[in-house]
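Inspection log for the structure reproduced underneath, given as structure tokens.
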Ligand SMILES: Nc1ncnc2c1ncn2[C@@H]1O[C@H](COP(=O)(O)OP(=O)(O)OP(=O)(O)O)[C@@H](O)[C@H]1O
Ligand SMILES: O=P(O)(O)O[C@H]1[C@H](O)[C@@H](O)[C@H](OP(=O)(O)O)[C@@H](OP(=O)(O)O)[C@H]1O
Ligand SMILES: [Mg+2]
Ligand SMILES: [Mg+2]
């Protein structure tokens, strides 16, 4: 007997760049073969006037969009919004983003995890205070506090000395740089599905480099998205190509435990997180970044994973409807149910 499928219509509201990379023909046709229709949300019309959609998939920012989602949800209480904007917003600030890591508990593992030591600086006066950054070991990475998808929010600086801090523009997070062998692990989460991949990262910094460095601040942006040839700038001996294939992956069960714990705590279905392995210990892992709706198309076989997830969403929605439940996930209240397959 053929497997029963639960089809439906999914409206997607994505910025043009995201739409181009994510909505590929290969995804659209695979989803269609399982009864899922992917339809673009027209940004020139109110969301609530469009559809009907069983589900809205979105990565847009701002109060107007949040209002549109609320209106849509009140008109279509059974529709699923992936994900709730208030849950996503937690990832727009690099402090609240990582706070959730301390809530996680993972048992029976020899590996440990956490986040690098970090502080937040809101204004120039605090930054200029000689005590600023005193609790941190240099080098540090200065990151914009806000992670709102803008190019600016990805502009980082590796800061070698305290006196270089005056070149920075608050509000910023200063995070201790941790040597990790130049390779980062990106863990993609799609509902219950978890996939870990390796990517190029910043190379280790030696003590001598910190002392003798000619520049006391180095700016960079989206280093893990660079193609191999872009990351090589051997002339100053700083960047070098990394041999990703030589790096051992973290144990899969450990990564999956963290991913599922984060997913529950964040009440999100679609995100990835960046993990580095602290070179001083070998079994200590640090989570340094969490991103909403990342570049899934970079994940091999993303079409099958996303299609399966869409089917699970439709199945769960159907089951909830049969039980006479509606989920109104657009809320920050702690006791509110979020939609998770
Ligand atoms: N504490 C750290 N120690 C060592 N390297 C780090 C640290 N924090 C960040 N990095 C390096 O800097 C890169 C960018 O940092 P981060 O991931 O926080 O920025 P982002 O712009 O939010 O990245 P993404 O493009 O994944 O959203 C990381 O991929 C990693 O290579
Ligand atoms: O558009 P913003 O909100 O800046 O989000 C980015 C994330 O921060 C990155 O993590 C995504 O790249 P990765 O999938 O390689 O992490 C990156 O993927 P993309 O460049 O393929 O869209 C973006 O999703
Ligand atoms: Mg990152
Ligand atoms: Mg990020």
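Cβ coordinates come from backbone N, Cα and C, glycine included.
Keep in mind that TrEMBL annotations are predicted by a computer and have not been checked by a curator.
Quick caveat, the model's predicted, so the values are computed rather than measured.
What TrEMBL lists as domain 'Inositol-tetrakisphosphate 1-kinase N-terminal' is 9-88. The feature 1D-myo-inositol 1,3,4-trisphosphate binding site is assigned by TrEMBL to 18, 59, 154, 186, 291, 295. Annotation comment: TrEMBL describes 94, 143, 175-186, 201 as ATP binding site. Marked as domain 'Inositol 1,3,4-trisphosphate 5/6-kinase ATP-grasp' by TrEMBL: 109-311. Here TrEMBL flags 274, 289 as Mg(2+) 1 binding site. The Mg(2+) 2 binding site annotation in TrEMBL covers 289, 291. According to TrEMBL, the feature region 'Disordered' maps to 320-341.
Features per TrEMBL, on structure.
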{"residue": "18", "record": "1D-myo-inositol 1,3,4-trisphosphate binding site", "contacts (Cβ under 8 Å, 6+ apart)": "59, 293"}
{"residue": "154", "record": "1D-myo-inositol 1,3,4-trisphosphate binding site", "contacts (Cβ under 8 Å, 6+ apart)": "144, 221, 222"}
{"residue": "175", "record": "ATP binding site", "contacts (Cβ under 8 Å, 6+ apart)": "116, 117, 118, 140, 141, 142, 143, 288"}
{"residue": "177", "record": "ATP binding site", "contacts (Cβ under 8 Å, 6+ apart)": "116, 138, 139, 140, 141, 158, 202, 205"}
{"residue": "185", "record": "ATP binding site", "contacts (Cβ under 8 Å, 6+ apart)": "196, 197, 198, 199, 249, 250, 255, 274, 275, 276, 277"}
{"residue": "186", "record": "1D-myo-inositol 1,3,4-trisphosphate binding site", "contacts (Cβ under 8 Å, 6+ apart)": "196, 197, 198, 199, 224, 272, 273, 274, 275, 294"}
{"residue": "291", "record": "1D-myo-inositol 1,3,4-trisphosphate binding site", "contacts (Cβ under 8 Å, 6+ apart)": "91, 147, 271, 272, 273, 274"}
{"residue": "295", "record": "1D-myo-inositol 1,3,4-trisphosphate binding site", "contacts (Cβ under 8 Å, 6+ apart)": "21, 22, 225"}
Pairwise CA distance, residue 179 (ATP binding site) versus residue 289 (Mg(2+) 1 binding site), rounded so that it is a whole Å: 16
Cβ neighbours of residue 179 (ATP binding site) where a neighbour is any other Cβ within 10 Å: 16
Per-region confidence, the domain 'Inositol-tetrakisphosphate 1-kinase N-terminal' (9-88) (mean pLDDT, whole number): 97
CB contacts for residue 183 (ATP binding site) [other CB atoms within 10 A, all chains]: 21
In sequence order, those binding-site residues of 175, 177, 185, 201 whose CB lies under 6 Å from ligand 2: none
Spatial neighbours of residue 289 (Mg(2+) 1 binding site), counting only the binding-site residues 94, 181, 183, 201 and Cα distances within 10 Å: 94
Residue 201 (ATP binding site) in three-state DSSP notation: coil
Close-lying binding-site residues around ligand 3 among 59, 181, 186, 274, 289, where CB distance stays under 6 Å: 274, 289
Lowest local Cβ density (other Cβ within 10 Å) among binding-site residues: 274, 289: 274
